[in-house]
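The structure under discussion appears below in the form of structure tokens.
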Amino acid sequence: MFNIIKNDKNSNARIGVLELPHGKVTTPCFMPVGTLGVMKALKHDVLEKLGCNLMLANTYHLYLRPGIDVIKEYGSLHNFTTWNKNFLTDSGGFQVFSLSNFRKIETEGVDFKSHIDGSRHYFTPESVFKMQEIFESDIIMALDICSSYGIDYSEASLYANITTSWARRTLRAYENRKEGYDGFLFLITQGNFFKDLRKRSTEAILELNSPGIAIGGISVGEPRDKYLEILEYNSSLIPKDKPKYVMGIGTPHYILDAIYYGIDIFDCVNPTRIARHGSLLTDNGILRIKRAGFNVDTSPIEQDCSCTLCTRYSRGYLRHLIKSGETLGVMLASEHNIHYMFRLIQKARNAIMNDDFTQFRKLYLSKYDEGNFNE
């Protein structure tokens, strides 16, 4: 399922290939988030043109709307959405546990209230796996508890223990999956920001020998130095032959940090979310196109970018579209930001191939951190 092609000699960065049911995926890999099986403001053919082979969709949101029975009628999430590349489906755990005032965690599962209409629902590890089996997801995520930064040790320990128990139950369901279904299960480590809990959780998850491992519960509001500390530590506990996934990181500096410590897959809504508000990713930082200084700027967002926006339209025109609320502006900005992330990942792969990733990261971060446009 996972083959390592090249290890960087001066860091833990590596290039690999995931062999998934709907095609090969080269890692490191940034997954765009298509919560409901589609990217906001980006058609499938645009994503394919950009080189996307793996998209994230969310079980919680698909369960609530359009509903599991609807997708079941189509035979799979791929058939329903017409996306013929790979899907990783998140378990929905993060969304459920974000509803802190509307859910109740039990050892059996979690009771929660829909954010749409207030109706009550109950998720178990088995039911969440079954939904993803109906989707025929290429990568399935187990239900887990994503705890917030700053909780006390006893609560973090309890949530890590429940996550491990749910992982065992998910694995049993996966081992009894329907005939012909060939998706891969990723189990999730937890433990908050306590190293002994991280170690205990990871060792227990590794005993289950799932095809892939995810590091959960980081990038949840903690300081960057704490993020780096736990990222490095938890990644070091996972054998190198396992594909490693950190959920919910999508800013360039966090992604380069993750690659440096041996992470293969990451996702985030950030690139398209900020695009909808007129923020564009560049090698020099965030370009905020709504600012008045771009009103008559005839240059592209980035000179060396080959996306539709940069090859055809000016900064001034994009500012006009975004300020006017035109859908085209959001579409162009979203395409640019996803294209930018894919280009950044390709540059990282090239640096790994040349055993130069450490220097690449250092130079990129020195420029990016200083480069927020202030016009």
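All positions are counted from 1 along the displayed chain.
Yeah, the Cβs are placed from backbone N, Cα and C, and that goes for glycine too.
Here Swiss-Prot gives region 'RNA binding' for one range in the set 87-93, 164-170, 248-254, 353-359: that range is 248-254.
For the substrate site, Swiss-Prot lists Asp90, Ser91, Gly92, Gly93, Phe94, Asp144, Gly217; matching the candidates Gln190, Gln303 against that entry yields Gln190. The record from Swiss-Prot ties Cys305, Cys307, Cys310 to Zn(2+), and of the options His277, His336 it ties His336 to that site too. Among the residue ranges 112-116, 267-271, 272-276, 347-351, the one that Swiss-Prot annotates as region 'RNA binding' is 272-276. Of the recorded residues, Gly93 (substrate binding site) and Cys305 (Zn(2+) binding site) place their C-alpha atoms 36 Å from one another. A distance of 28 Å separates the Cα atom of His336 (Zn(2+) binding site) from that of Gly92 (substrate binding site).
Outside the region 'RNA binding' (248-254) by six or more residues, the chain places 30, 94, 218-220, 227, 266-271, 281, 341, 344, 364-365, 368-369 with a CB less than 8 A from a CB of the stretch. Considering only the recorded positions Asp267, Cys305, Cys307, Cys310, Gly92 (substrate binding site) has Asp267 as its nearest partner by CA-CA distance. Sitting within 8 Å of the Cβ centre of Cys305, Cys307, Cys310, His336, and not among those site residues for Zn(2+), are the Cβ atoms of Pro300, Ile301, Glu302, Ser306, Thr308, Leu309, Thr311, Glu335, His339, Tyr340.
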